[in-house]
Amino acid sequence: MNLHTIMSSSFLVIVLHLTFSISTCFADDGPLQDVCPTALQGDRSQKLFINGFPSEFPGLNTQSLSMARTDLAMDGMVLPHSHPRASEMMYVAHGTVVAGFIDSNGWLFQRTIGEGDVFMFPRGLLHFCVNAGFGLATAYSVFNSQNPGVASIAGSMFTPESEVVQRMVERMLRLRVMGMGDDAVEMSLFE
């Protein structure tokens, strides 16, 4: 065998190894069992489960999913935060919400979504939502991880009363009155 053939074969083996080993890092591990065997079984005669705790319904555990409900009062908002281990899909059940995220190049992508609409927040990117209606807005979020984690920039870097947070809140409220037809608006929330 010549040197070129050996190098080509070695390169191919390395590329294949990296391809298959990296793909295992992109999602939660598969569950080892259908339900958590150590969870309390609760009352199995009930047809309706009052809460989502594993003690009441152990089938919710180990499924690599989680959900959240967000209730926003008029002009209410969820300050910019990210989920380092999950993407988020938000469904608006009631009201009107401006939802947006900031990509790694600093572009702001936003959309006004109403009842029945869905918005997707990519994994690890800063995102927010603001109630753009004149009443209560309710949204449900689904995460593709059992433990999505939360990294809040406002809460971890500044006190809630700081001038930086107040300016950021003012700018986010201005998003409500901006022309919302644009899918992407280049602007800095932190100037």
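Note: Cβ is positioned from N, Cα and C throughout, glycine not excepted.
As annotated by TrEMBL, signal peptide applies to 1-27. The domain 'Cupin type-1' annotation in TrEMBL covers 37-165. Taken from TrEMBL, the feature Mn(2+) binding site applies to H81, H83, E88, H127. Annotated oxalate binding site per TrEMBL: H83, E88, in sequence order.
Location within the structure of each feature annotated in TrEMBL.
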residue: H81; record: Mn(2+) binding site; DSSP class: strand
residue: E88; record: Mn(2+) binding site; DSSP class: strand
residue: H127; record: Mn(2+) binding site; DSSP class: strand
Of H81, H127 (the binding-site residues), the residue whose Cβ has the fewest other Cβ atoms within 10 Å: H81
Near-site residues: Mn(2+), ref H81, H83, E88, H127, CB cutoff 8 A to centroid: S82, F101, F121, L125, L126, P148, V150
Cβ contacts of E88 (Mn(2+) binding site) (under 8 Å, same chain, 6 or more positions away): M120, F121, H127, S141, V142, F143, P148
Per-region confidence, the domain 'Cupin type-1' (37-165) (mean pLDDT, whole number): 81
